[in-house]
Amino acid sequence: MAVKKYEAGVKEYRQTYWAPEYVPLDSDILACFKITPQPGVDREEAAAAVAAESSTGTWTTVWTDLLTDMDYYKGRAYRIEDVPGDDTSFYAFIAYPIDLFEEGSVVNVFTSLVGNVFGFKAVRALRLEDVRFPLAYVKTCNGPPHGIQVERDKMNKYGRPMLGCTIKPKLGLSAKNYGRAVYECLRGGLDFTKDDENVNSQPFMRWRDRFLFVADAIHTAEAETGERKGHYLNVTAPSPEEMYERAEFAKELNMPIIMHDFLTGGFCANTGLARWCRKTGTLLHIHRAMHAVVDRNPHHGIHFRVLVKALRLSGGDHLHTGTVVGKLEGDRASTQGWVDLLRESFVPEDRSRGIFFDQDWGSMPGVFAVASGGIHVWHMPSLLAIFGDDAVFQFGGGTLGHPWGNAAGAAANRVALEACVEARNEGRDLEREGKDILTNAAKDSPELKIALETWKEIKFEFDTVDKLDVVNR
């Protein structure tokens, strides 16, 4: 048997990591990157460089390569595609053997795929557009603590989306006044209320005081309405120890659901908290604070659909997804694409919705999509048409901004939702007939009538920054 000779020096990445003949294995983790190379760096070399730097490569040949099977462990750039309307960038498809990654560790996957390679000088900009997690890897992750069906059973709510509200002002209220707002919203007809993402434990409202007043509000509202209620108590904290202390106290108070800011808190903390929630029977609401820092630039960063997949693997029962019709970024096709990635067991490749790979989730539970941000009663027909039943519609200002107060705002939203669900079940076109559906419902609901008058002129007519690059294949 001939001995492979070690040859020192620097060689082009394409010699090792460009493999257009490679057929990805079912067990490979596949990634699609949008690459904008530096002037003078051709596509194959740039794609191979990304494959190398995100897997086994370094800038020079090293003799220790001979101590392992580099052909097995290396990432392979196996396909390149044009980006429609952009002649400076291209899509590179890279396959990684599953054994490069620790089982069940979103942390480890991201450390490789979006690690040092994003500072690599050979590329001017780099964006991770999509990742295919093979079923063999999905099964190593715990996923959502409970999922959609179990949450419906716990909350005893079926046949419609859930209604929520983020308490406003998000900062500055005392714990007692905060609890009062929670009670009024839940008594008025909402299923959930919510801490905003930056409500932790500030001088004006320490976390323990907030938890106590909120628990009292929930128990009182449940007794008065006969319905199960919840409030997303944010347990995000400066350290894991403090996070678990807050979660444990929420459990002591018999709170059904807690909340975590999964990006600012980190995937390690989130996965640990999701496992705790599964063990204790606690639901977990996930906020995506900080996502736009990494996903809004269409040329550099990580697309939100990748963060969606990562969250489903790491664990959460709810995730904020944008609204399409509200104040936050997100076009309809893309949003419905990542909502399916949250909820469905199998999602086929669909470039018209920005989905680059088939994604098989096996039996992993789905996650409720949370529509939140600048929505009000006039949006209800479109929200139901876009998101369907397995969603939470959260009206912050659209509840608390009602001229008659919080309970009236909650009642208006509940009446609007139930009218739209009834119309949908009758086969009516929600988006075409939405105005008639709401105005007819308002004849028997003065709260809804006032809400419709208050927000009839409110629109968010801004174009989406991150547009789909639809590939004609």
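For all residues, glycine too, the Cβ spot is worked out from N, Cα and C.
According to Swiss-Prot, the substrate binding site annotation covers Asn116, Thr166, Lys170, Arg288, His320, Ser372. Per Swiss-Prot, the feature active site, proton acceptor maps to Lys168, His287. If you look up Swiss-Prot, you'll see Lys194 marked as N6-carboxylysine. Under the heading Mg(2+) binding site, Swiss-Prot lists Lys194, Asp196, Glu197. Residues or ranges marked as site 'Transition state stabilizer' by Swiss-Prot on the basis of sequence analysis: Lys327.
Features per Swiss-Prot, on structure.
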residue : record                       : Cβ within 10 Å
Asn116  : substrate binding site       : 10
Thr166  : substrate binding site       : 24
Lys168  : active site, proton acceptor : 16
Lys170  : substrate binding site       : 14
Lys194  : N6-carboxylysine             : 29
Glu197  : Mg(2+) binding site          : 20
His287  : active site, proton acceptor : 28
Arg288  : substrate binding site       : 23
His320  : substrate binding site       : 22
Ser372  : substrate binding site       : 25
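A 10 Å radius around the C-alpha of His287 (active site, proton acceptor) takes in none of the recorded positions listed as Asn116, Thr166, Lys168, Lys170.
Neighbour list (Asp196 (Mg(2+) binding site), Cβ cut-off 8 Å, at least 6 residues apart, same chain): Thr166, Ile167, Lys168, Lys170, Leu171, Asn234, Gly396. For the pair Lys194 (N6-carboxylysine) and Arg288 (substrate binding site), the C-alpha distance works out to 14 angstrom. Using the Cβ center of Lys194, Asp196, Glu197 for Mg(2+), the list of other same-chain residues with Cβ within 8 Å runs, in sequence order, Thr166, Ile167, Lys170, Asp195, Asn198, Val199, Tyr232, Asn234, Met259, His287. Checking Cα-Cα distances from Glu197 (Mg(2+) binding site) against the binding-site residues (Asn116, Arg288, Ser372) with a 10 Å cut-off leaves Arg288, in sequence order. Annotation note: Lys168 (active site, proton acceptor) sits in a coil segment as assigned by DSSP. In the three-state DSSP reading, Glu197 (Mg(2+) binding site) counts as coil.
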